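Per Swiss-Prot, the feature signal peptide maps to 1-19; the stated evidence is sequence analysis. Positions annotated as domain 'Ig-like V-type' by Swiss-Prot: 20-124. Summarising the annotation, Swiss-Prot assigns topological domain 'Extracellular' to 20-237. Sequence annotations record features per position, and here Swiss-Prot assigns disulfide bond to 37-108 based on sequence analysis. The N-linked glycosylation site annotation in Swiss-Prot covers 90, and the record cites sequence analysis as its basis. Under the heading transmembrane segment, Swiss-Prot lists 238-258. Among the features that Swiss-Prot reports, topological domain 'Cytoplasmic' is placed at 259-299, with the record citing sequence analysis. Positions annotated as phosphotyrosine by Swiss-Prot: 283.
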C-alpha cells in the first residue's frame, strides 16, 4: 500500500505541460511555410513524433510525417514522393510552394508509453490568393477591381487595404463576402497631377502582416473623371460576378480536396490515424490501469 501511495503521489505531482491554443496561420499562394513543433518539457525517450493534416472539418486525416524522437537521423523527414511537405531536423513541418489544397488543420503529436502529447501544436492554415481585374464605369472611366480570397473560406473582417503606409487614396469602395474581400478603385477627384500619372502599389493585409501586393498601371488621363455611382449595371454586375466566381472557386477547391482525401483513405483503410480532439492529453501512465481490478458491475 505504501508503494502504491507513493506511486500515485509521484504521478499526481508531475507538472502539467503548457500548450498554446489553436493558431490561425495565413500563407500566400506559392510561398513557403514552416510550422514549429517544439520539444515538450518532459520526454521518456520512446516517443514517436507525427504530423497530421486534415483539409476540412469531418474529412479523413492524413499522416504526413512520422519519426522516433530518440533516434535522430540526418534526414528525419519521410514525406511522400509527390508531397511538398518535409520534416526538418528540428521537427518543424516545412511546406514548399503552398497551394489551395494545402489549406486545413495541421497538428503534431508525440506519443509514447508514458507521455502522450496528442495535440501538442495545432495550426489552422489558410491560403491567401489575389486577383486583379479592370472595370469600366457608366461615364467610360476605367476602374480597377482587386480581389483577396482565402481557402478555406472564413471571415475577412480584419483585412485592411493600404497604399504605402496609409489608407488607399482616391475614390474607393470595399466589399466583404464569405472568404473574400474586394476593393473597387476609380480615378479620384482633386488628386494632384503627378499622383495621377504614377503607378501605385496596393496591399491587401491580413493578420500576422501577411498580404498580397497589386500593381496599378499609370494613368494616361491628365484629368481623371470621378467614378459614377451605381446608376448603371456595369460596375455592380461585375462586382456580383466576381464575388460569385470567388465563392464558386472555393467550393470547387474544397470538393477536390475532399475527393482526394477520400481516395487516399480508401487505399489505407487498414491504417488507423488518431483524429483531432480539442482537448490536450498530456501525461498518461499505461501501467496505472493494472494496479487495481475493475469494479464489479451492479444492476
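Each residue, glycine too, has its Cβ placed from N, Cα and C.
A separation of roughly 13 Å, to the nearest angstrom, links the Cα atoms of residue 108 (disulfide bond) and residue 90 (N-linked glycosylation site). The C-beta environment of residue 37 (disulfide bond), restricted to residues of the same chain at least 6 apart in sequence and closer than 8 Å, consists of 49, 51, 91, 92, 93, 108, 120, 121. If you average pLDDT over the domain 'Ig-like V-type' (20-124) in this model, you get 82. Other Cβ atoms within 10 Å of the Cβ of residue 108 (disulfide bond), summed over all protein chains shown, number 25.
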